[in-house]
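Presented below is the structure to which this report refers.
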């Protein structure tokens, strides 16, 4: 049998070599052999060492010994500001790779490791101090961490403070620097049971030293999310506060909050605003609500489901109490939902149903002036507009009354509408023709006019329409393409196509994103896909699944107490009485895995 040819090269590595080398160097140090430098710590204590070991262990010593500094040739090097016991620990680490961090040495060792550039030791000290965070030291610990650029410890301290702000003492909170308090108030993670607590935190800080701090009140109030302060508190406490009453910027913030609560503030038509985002700790969430539609057997659905994108959970809301039929329209007005019109195939409906989100109930309100189907509804300046080919009317929820308006100048079949920049826009084909046009309604003049917006995209029929950040988005029903119109610049644009077609799907705006759900996909299969478009990244992503494949459904977004929470206010603040408890709805059971595809 022929022997194999010998190897020309035999790769070899000893995994124990590094540890063996460290042990050897440590032994040489103990035997005081080949030592070529002595470090002198505070107090005059000497530490003999090897330059090569120090330079390899620390960029600080590498720069000292490898450069042209006097220390590169000196036999003795004096280190200022380093306690002897901390230098001992760092030298031991250089030779062993081990250090014992304790409550007695963590902070001074971190300071020394930061000065002498031992990042691993610094990180270990920071990790140890994270475990020691408590109510008594968290504020000082954040100061310490930021002073020494310990990002991990600083972040952990801030998370601890935000989570336990209600348990911190008044004196601790009142001595916060302005920048730190603003950072806490602006953070989504600030754990308060209600937004009133954030307001009280800011107000207490100002009242602790009014002569010096009153000038900062507008800046602080802007960091409070006033739209989510309960209405009775807004009127009884915020509006009555002298610091607010005599400050024009504060009055503007108060007016914004009142407009929001009165459904006169269209958050989708404006740019992103942190004040319009509830804090997770309050239990409020902006949710996607699905109403009606048909399942894959074409059976009508009367269920009302809501989806919380923060948790990915679905819940049942109160079922629609009547036969929905077809051709109805759905819109959100504030935090309530309105279903208008429709038909049962033989007669048209003039009825209007309102879903009251605060009590999780449906109730009929004043009927429309005219029965209709396949119309469109939108909200502009707190009023509900219903637009059909031959008529337009407007509903005022404060008086529960309808008002007839001028009809469109050019009647359009099966149009879609959206409110943008203080105007109402309608898109559709001229009655009896295939020509697509856009018309605009001015509420100040009660007049419709054609919009000279150039060549419209080649739509086969009216696309689904929504407004986001002052732009109008048009989601085609027969393709995955999406068009965008900027009414201010009178310009058209396209965004990346959706991941799939959503024929008969639904469009809504939620959390600064477009949400398209359900409908038939590219393979003509009924889909349960929910995908979202983020304008910041200009990308679509699948964010969830419907409870079941659905088409011809309506979807809107509202703010609601999605998950009930219990919360201890602690001693940092006390809330005034006042209840706004609401039915959170029933959890929707998970679908049978066999139904998923």
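Glycine is no exception: its Cβ is also placed from the backbone N, Cα and C atoms.
A mean pLDDT of 93 is what the model gives for the domain 'BTB' (35-103). Annotation comment: Swiss-Prot describes 35-103 as domain 'BTB'.
As annotated by Swiss-Prot, domain 'BACK' applies to 138-239.
The annotation repeat 'Kelch 1' is assigned in Swiss-Prot to 287-335. Secondary structure counts, DSSP: the repeat 'Kelch 1' (287-335) has 0 helix, 23 strand, 26 coil.
Annotation source Swiss-Prot lists repeat 'Kelch 2' at 336-382.
The annotation repeat 'Kelch 3' is assigned in Swiss-Prot to 384-422.
Sequence annotations record features per position, and here Swiss-Prot assigns repeat 'Kelch 4' to 423-470.
Remote same-chain partners of the repeat 'Kelch 5' (472-512), defined as residues 6 or more beyond its termini with a Cβ less than 8 Å from a stretch Cβ, comprise 268, 272, 277, 286-288, 290, 293, 309, 418, 420-421, 423, 425, 427, 438, 451-454, 457, 459-461, 463-466, 518-522, 527, 529, 531-535, 538-542, 551-557. Residues or ranges marked as repeat 'Kelch 5' in Swiss-Prot: 472-512.
Annotation comment: Swiss-Prot describes 513-560 as repeat 'Kelch 6'.
What Swiss-Prot records for 570-597 is region 'Disordered'.
The compositional bias 'Basic and acidic residues' annotation in Swiss-Prot covers 583-597.
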Residues from the same chain, set at least six apart from the ends of the repeat 'Kelch 3' (384-422), whose C-beta lies under 8 A from its own: 263, 266, 269, 329, 331, 333-334, 336, 338, 340-341, 352, 354, 365-370, 372, 374-378, 428-432, 437, 439, 441, 443, 446-450, 461-467, 470-472, 487-488
